[in-house]
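Input: a single structure, listed below in structure tokens.
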Amino acid sequence: MRWQWRIYEEPLQEPLTTAQGVWRSRSGIYLRLEDEQGQVGYGEIAPLPGWGSETLNADIALCQQLPGHLTPEIMATIPEALPAAQFGFATAWQSVGRLPYRVRPWPICALLGSGQAALEQWQQSWQRGQTTFKWKVGVMSPEEEQAILKALLAALPPGAKLRLDANGSWDRATANRWFAWLDRHGNGKIEYVEQPLPPDQWQALLSLAQTVTTAIALDESVVSAAEVQRWVDRGWPGFFVIKTALFGDPDSLSLLLRRGLEPQRLVFSSALEGAIARTAIFHLLETWQPCHALGFGVDRWRSAPLLTTLTAYERLWERLDQ
């Protein structure tokens with residue numbers, strides 16, 4: 001299987017502020033494979049080192065080292081330390097001769113902007129039929145965020161659900177105060193709090209989940225199948241947020257599901273990947289059958305429409321050759 005690779009860097013349509021900082025652009029690698037019959041496939045490597053994946057430089061080094069002709073045996077040598085590369089090559093290989101995929105729309109969770117902007121943005125998403133929302137916390141002081149959140153919870157209609165994402169920014173004392181506040185003011189609208197504590201505080205995370213009433217989801221703590229299995233073995237009672245583009249070969253998640261991991265505990269989420277990776281993920285969802293609104297409501301920052309023709313893939317690829 002012959003293959004080529006091209007690096008991309010795209011500015012975000014507007015900066016995305018999280019507890020880890022401000023994102024202004026997104027970089028990655030597009031892959032193009034072609035077999036002896038001339039059938040093509042495409043993949044995307046979109047690492048996010050702040051979320052536990054490798055760096056883009058590590059993926060560039062891999063692409064420079066691999067031979068110009070791929071085989072399954074060669075791809076099997078891609079190390080687990082490069083999960084975004086594993087995903088990109090695996091999905092590219094699987095797509096050869098099968099594009100375009102038929103993909104369906106799934107319910108999407110709308111990501112709201114930080115601060116006061118959330119009080120206006122939810123209405124636009126609600127009018128588009130979205131009923132699940134996500135808001136980043138840990139960006140301002142707890143008092144400022146709780147004042148905004150109280151107004152947001154009062155404004156959200158019946159049936160709306162809200163996810164709070166701390167991106168691991170709280171310490172245990174802050175988390176305790178937040179969960180006590182949510183017990184008083186949550187109005188039954190909080191679906192879960194995502195990654196309240198840093199990933200290295202696993203014992204505190206487990207203790208917290210066992211003592212609070214609001215559900216907790218792990219995100220940065222579970223960037224690989226091995227980490228999900230580790231948390232299952234620890235008795236984790238909450239959700240797992242799966243950033244599929246950073247998770248490695250998709251077969252690793254399929255194996256966990258076959259071993260008994262309950263699909264209703266999984267929430268699939270974007271890593272601000274591009275259209276090639278997003279379309280591959282939505283194709284995989286036909287097998288995984290998600291039970292919750294997808295965390296892909298990020299078009300305000302990076303628009304990545306699903307690719308429905310082979311020409312659409314070719315245009316993306318050729319754009320990087322200009």
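Each Cβ is built from the backbone N, Cα and C atoms, and glycine gets one as well.
Quick look at what Swiss-Prot annotates:
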type     : residues               : note
ACT_SITE : LYS136                 : active site, proton donor
BINDING  : ASP165, GLU194, ASP219 : Mg(2+) binding site
ACT_SITE : LYS243                 : active site, proton acceptor
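What Swiss-Prot annotates, mapped onto the structure for a quick look.
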| residue | record | DSSP (3 states) |
| --- | --- | --- |
| LYS136 | active site, proton donor | strand |
| ASP165 | Mg(2+) binding site | strand |
| GLU194 | Mg(2+) binding site | strand |
| ASP219 | Mg(2+) binding site | coil |
| LYS243 | active site, proton acceptor | strand |
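Less than 8 angstroms from the CB of the residue listed as 'active site, proton acceptor' sit LEU48, TRP51, ASP219, VAL223, SER269, SER270, ALA271, each of them six or more residues away in the same chain. Summary of the Mg(2+) site environment: with the site residues ASP165, GLU194, ASP219 set aside, the chain residues having Cβ atoms within 8 Å of the Cβ mean position are LYS134, ARG163, LEU164, ALA166, ASN167, VAL193, GLN195, ALA217, GLU220, VAL241, SER269.
Of the recorded residues, ASP165 (Mg(2+) binding site) and LYS136 (active site, proton donor) place their C-alpha atoms 5 Å from one another. The Cβ of ASP219 has fewer other Cβ atoms within 10 Å than any other of the binding-site residues GLU194, ASP219. Neighbours of ASP165 (Mg(2+) binding site), defined as other CB atoms within 10 A of its CB across all chains, total 24. If you measure from the Cα atom of GLU194 (Mg(2+) binding site) to that of the residue listed as 'active site, proton donor', you get 9 Å.
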